[in-house]
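*Asks:* Quick one: structure below, then a few questions.
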Amino acid sequence: MTNTRKSHPLIKIVNHSFIDLPAPSNISAWWNFGSLLGVCLGLQILTGLFLAMHYTADTTTAFSSVTHICRDVNYGWLIRYMHANGASMFFIFLYFHIGRGIYYGSYTFMDTWNIGVLLLFAVMATAFMGYVLPWGQMSFWGATVITNLLSAIPYIGPTLVEWIWGGFSVDKATLTRFFAFHFILPFIITAMVMIHLLFLHETGSNNPSGMNSDSDKIPFHPYYTIKDILGILFMMTTLMSLVMFTPDLLGDPDNYTPANPLNTPPHIKPEWYFLFAYAILRSIPNKLGGVLALVFSILILMLFPILHSSKQRSMSFRPLSQCLMWMLVANLLILTWIGGQPVEHPFITIGQLASMTYFFIILILMPSTALMENKLLQW
């Protein structure tokens, strides 16, 4: 008689994905972030569900309902801050996960990579709409500024913005639809994650060497299940420390002021995880140019498989490319810092230089360095 785990139509799928899955024997802790992102998504859906039970998506009561959650609902403050800081953890892991993919050449799995980039867009959209829901000053003005960018689209722009707003400004209709989309998108993301995994399991995982690991595979369970649990333990320790000790560390104080269309905050800025893209947007004086640069700063990830010119897959044995990779990381940190600064000298110039360098490293320096390394290795 065959094992139920291997014969049952449903359990069989789980078995092939998480138990008997052949995995490379040498994958490092950088491969932990996929499972951590899965846990983050589950946590966000769960905490979000409980928040939605008490939240009201109406401009007159939204802010008060969030206050009510924090003050009157049993452990409401805990649920709210786990959800808010959980989003920050989600993005930290997303950026690590993408960075790992770039460093080790995982983008050569084109199907997996492209659905991953689409996932990034979906998560960014979800986070943006979630930030609008508490209806604080930064929620309102963030929504106004970002949705207004669509008016830069030639011909249909202004009509499109009013259509998204559901009126002539960010108001009741906007908040209601943002709540609806914020609720449905995580489930769409979950479906996309399944497709992401489906494509990944077609090829198997990459590994730090970037070489084929078919000759040395080990079962996912117990080796990587236990490793994932350790990662989850670290993640939960960090998240709960953040929630319990400094829950507002990553938030904006302006969002504790109820939304007021008649009073603009001195510095409108998004959450920290969007600051790098915001800096790129602001570095171009033209509205349409800025919007295109903003979209392309993320969309550029889809070009990595095309731009790959090295004869080696991974950067593990390519010191020059490694230097460029860390230059790119430093550049992104500079952009993040600039995104949170006011629009004045010297920040404007630094932002423009960093934005230019970002595209220059990815589009020109990385491919040409890879070609040079091929030459140096006489390939």
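Backbone N, Cα and C atoms are what each Cβ position is placed from, and that goes for glycine too.
Annotation comment: Swiss-Prot describes 33-53, 77-98, 113-133, 178-198, 226-246, 288-308, 320-340, 347-367 as transmembrane segment, evidence class similarity to another entry. Look at Swiss-Prot and you will find HIS83, HIS182 tagged as heme b b562 binding site, backed by similarity to another entry. Residues or ranges marked as heme b b566 binding site by Swiss-Prot on the basis of similarity to another entry: HIS97, HIS196. Under the heading ubiquinone binding site, Swiss-Prot lists HIS201.
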*Asks:* Tell me which of the binding-site residues HIS83, HIS97, HIS182 ends up closest to HIS201 (ubiquinone binding site) in space, Cα to Cα.
*Replies:* HIS97
*Asks:* Which sequence-distant residues neighbour the transmembrane segment (33-53)? Criterion: at least 6 residues beyond either end, Cβ under 8 Å.
*Replies:* 69, 79-80, 82-83, 86-87, 89-90, 93-94, 96-97, 100, 182-183, 186-187, 189-190, 193, 228, 231-232, 235
*Asks:* May I ask for the distance between HIS83 (heme b b562 binding site) and HIS97 (heme b b566 binding site), taken between their Cα atoms and rounded to an integer number of Å?
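*Replies:* Rounded to a whole number, the Cα-Cα distance is 21 Å.
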*Asks:* Could you measure between HIS182 (heme b b562 binding site) and HIS196 (heme b b566 binding site) for me? Cα positions, answer in whole angstrom.
*Replies:* 21
*Asks:* Before we move on, state whether the transmembrane segment (347-367) and the transmembrane segment (288-308) share at least 3 Cβ pairs under 8 Å, counting only pairs 6 or more apart in sequence.
*Replies:* yes
*Asks:* Output the single range from 77-98, 178-198, 320-340 maximising the number of Cβ pairs under 8 Å to the transmembrane segment (113-133).
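*Replies:* Of the candidates 77-98, 178-198, 320-340, 178-198 scores highest.
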*Asks:* Taking the Cβ of HIS196 (heme b b566 binding site) as centre, how many other Cβ atoms lie within 10 Å?
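*Replies:* Around HIS196 (heme b b566 binding site), other Cβ atoms within 10 Å: 21.
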*Asks:* State the non-local partners of the transmembrane segment (77-98) in its own chain: residues 6+ outside its ends, Cβ under 8 Å from one of its Cβ atoms.
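*Replies:* For the transmembrane segment (77-98), the far contacts come to 30, 33-34, 36-37, 40-41, 43-44, 47-48, 50-51, 66, 69-71, 116, 120, 123, 127, 130, 235, 238-239, 242-243, 247, 250-251, 271-273, 301.
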